[in-house]
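Worksheet: the structure to be examined is printed underneath.
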Amino acid sequence: MNRTQKTAEPKPKLWNRNFVLAMLVSFIVAMANGMFNPVLPVYAEGFGIGTDLIGAIVAVATFFSMIARAVVGWLSDSKSKKRLVGISLICMMAAYALYLPAKGLWLIAAARIMQGIGHGALITVLSTLAIEYLPPERMGEGIGMYSLASSLAQCVAPVLGTYFAKLSQYRLAFILALVTIVGAFAALQLIKDAPVSLPVNAEEPVDSAQDGNPVMRFLKKFIYKDALLGAMLLLFMGILHSAISNYLAIYGFKQNLTQIGLFFTVNSVVLILFRPVLGRFADKTHPSFLIIPGLILMGLVFVMLGNLTSPWQIYIGGALYGIGFGAVMSMSQMISVKSAPPEKRGVANGTYYVLGDIGLSLGAYVSGLLAKETGYGGMYLVMAGVTALTIVFYLVFSKKQGISFPQNPTK
């Protein structure tokens, strides 16, 4: 046999200057946002703004964030992605600057809505830009590595934010958030812009059955149909994750388990350790081999939380949740992105993130209602049922869509 036939082809290079810089921008923005989140409610309360009004402001900001995600996802297929990231960062700078003189409801609300628009747009278009610099054969691994930037920031930033809130150093927190966003804007200038995939004046084929329906034409422009499977997975994940992020701490304290915060610590560490490995595995296997076991692990965690009585459940639950959550997330975005040709990746990514926002908002509301009616333990058992429903949904619709990934996809 010829020696050249034995030689395996070298792996395409994953790390490159533009991808690393995109990760850096993502890390800096996540630091600013994560540091700011614990500060706002305490700061607003100082001006007599109650939790009900704060919740309403966050809900309105989330609504505008979803619109921004859909619009910027569509625009990123025909406009400069780097320029769109820059505009999003400027919007966030303006928001953090507006917090400095804000001493009442309307300015705080305006700043929070502006921040939501900027952040929602930024996360969508920045990830689309980063994906442009990934080799298709290593996209799952690359998406996993990219997500580490925000995961690492979330290990540190909320602690800093809580510290500033405890010391009532609100202005310092706003100034630091503003400075970090300026740093992200500076790092952005070093990134080479990706080529525009779709010509600005390109005409899309029109479905004659939908030609006379303006609503369907509008939805088709901002929602990519083939990306809905991965996006719906993210919606379910948002519902499930909201139940933990919003209510687990309260539940733990009611159960006299002061170690409950370690669930999030263990989860973050395991997620950081496993996400790159899971991403690498995602490039080599069928999505079901990660998604189904991942959801089963999450379901077991919710059953465990529904019967929470001892610290060991916190540690084991945090670890299992990190593995399960990481497995599903490694595949869900890749399903959405790979469902689209390069010229539609922006709108596919926008579809993915919009449904994720809906899931987080819906989950916070529904989990709160369930906890009120059934208690926190009962609510988590219901969430175990939602996990089972997610598995059924995936099995049915992945079969209909015929989801599979070629071993050597082309860009």
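Cβ coordinates come from backbone N, Cα and C, glycine included.
Per TrEMBL, the features are as follows:
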| type | residues | note |
| --- | --- | --- |
| DOMAIN | 18-402 | domain 'Major facilitator superfamily (MFS) profile' |
| TRANSMEM | 20-41 | transmembrane segment |
| TRANSMEM | 53-72 | transmembrane segment |
| TRANSMEM | 84-100 | transmembrane segment |
| TRANSMEM | 143-164 | transmembrane segment |
| TRANSMEM | 170-191 | transmembrane segment |
| TRANSMEM | 227-251 | transmembrane segment |
| TRANSMEM | 257-277 | transmembrane segment |
| TRANSMEM | 289-306 | transmembrane segment |
| TRANSMEM | 312-331 | transmembrane segment |
| TRANSMEM | 352-371 | transmembrane segment |
| TRANSMEM | 377-397 | transmembrane segment |
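In the predicted model, residues of the domain 'Major facilitator superfamily (MFS) profile' (18-402) average a pLDDT of 84. Note on the transmembrane segment (377-397): residues 229, 232-233, 236-237, 239-240, 243, 247, 251, 288, 291-292, 295-296, 298-299, 302-303, 305-308, 367, 370-371 of its chain, located 6 or more positions outside it, place their CB under 8 angstroms from a CB of the stretch. Looking at 20-41, 84-100, 143-164, 257-277, 352-371, the range that has the most CB pairs within less than 8 A of the transmembrane segment (227-251) turns out to be 352-371. The stretch in closest packing with the transmembrane segment (170-191), judged by the count of Cβ pairs under 8 Å and taken from 84-100, 143-164, 289-306, is 84-100.
The stretches the transmembrane segment (257-277) and the transmembrane segment (312-331) meet in space: the count of Cβ pairs below 8 angstroms, excluding pairs fewer than 6 apart in sequence, reaches at least three. At the 8 Å Cβ threshold, with sequence separation of at least 6, the transmembrane segment (84-100) lacks contact with the transmembrane segment (289-306), having fewer than 3 such pairs.
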